[in-house]
Amino acid sequence: MEYSTFGRHVAVDTWGVQFDLLNDAEFLKKEMIEAAEACGATVLSVQAKQFSPQGATVLVLLSESHLSIHTYPERGFAALDCYTCGETVDPQIAIDYLVSVLKPEKTYAKKLVRGLGELQVVEPEMKLVEAAK
């Protein structure tokens, strides 16, 4: 079986996020798994690290690639990143879910289309979604 090299990579910087949301690796881990499942991705494993005195990193390894967050609570900043291979899983859905959970004051986003030759950079359409409670 031959697989397509096509992939989509969404990167988002969020600013103005509540300190407590960004400083809780277990909360972020739970929401990252929800985000991955919301876009139809298959979660293979999850690594979460709570830093001292603050900050967290969560990496979700997907069958389709990865979803990650790196936080700087003292700055109200989080870097979100989701890359998926193939056509079936849309990384934008996972990113939209997480942005809806974090409720940032500002977001800056780019979407890369990869695996088709030269990288294509496009402006993603950000949508707020109803996060699970």
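Any Cβ shown, glycine's included, is placed from N, Cα and C.
Per Swiss-Prot, active site, schiff-base intermediate with substrate is recorded for Ser65, and the stated evidence type is sequence analysis. In this structure, Ser65 (active site, schiff-base intermediate with substrate) is part of a beta strand by DSSP. The Cβ of Ser65 (active site, schiff-base intermediate with substrate) has Gly7, Cys82, Tyr83, Thr84, Cys85 as same-chain neighbours under 8 Å, each 6 or more residues away in sequence.
The pyruvic acid (Ser) feature in Swiss-Prot is assigned to Ser65; the stated evidence is sequence analysis.
Annotation source Swiss-Prot lists active site, proton acceptor at His70. Proximity of His70 (active site, proton acceptor) to non-local residues of its own chain (separation of 6 or more, Cβ distance below 8 Å) is seen for Gly55, Ala56, Thr57, Ala78, Ala79, given in sequence order.
Residues annotated as active site, proton donor in Swiss-Prot: Cys85. Neighbour density for Cys85 (active site, proton donor): within 10 A of its CB lie 20 other CB atoms from the protein chains shown. DSSP assigns Cys85 (active site, proton donor) to a strand in the three-state reduction.
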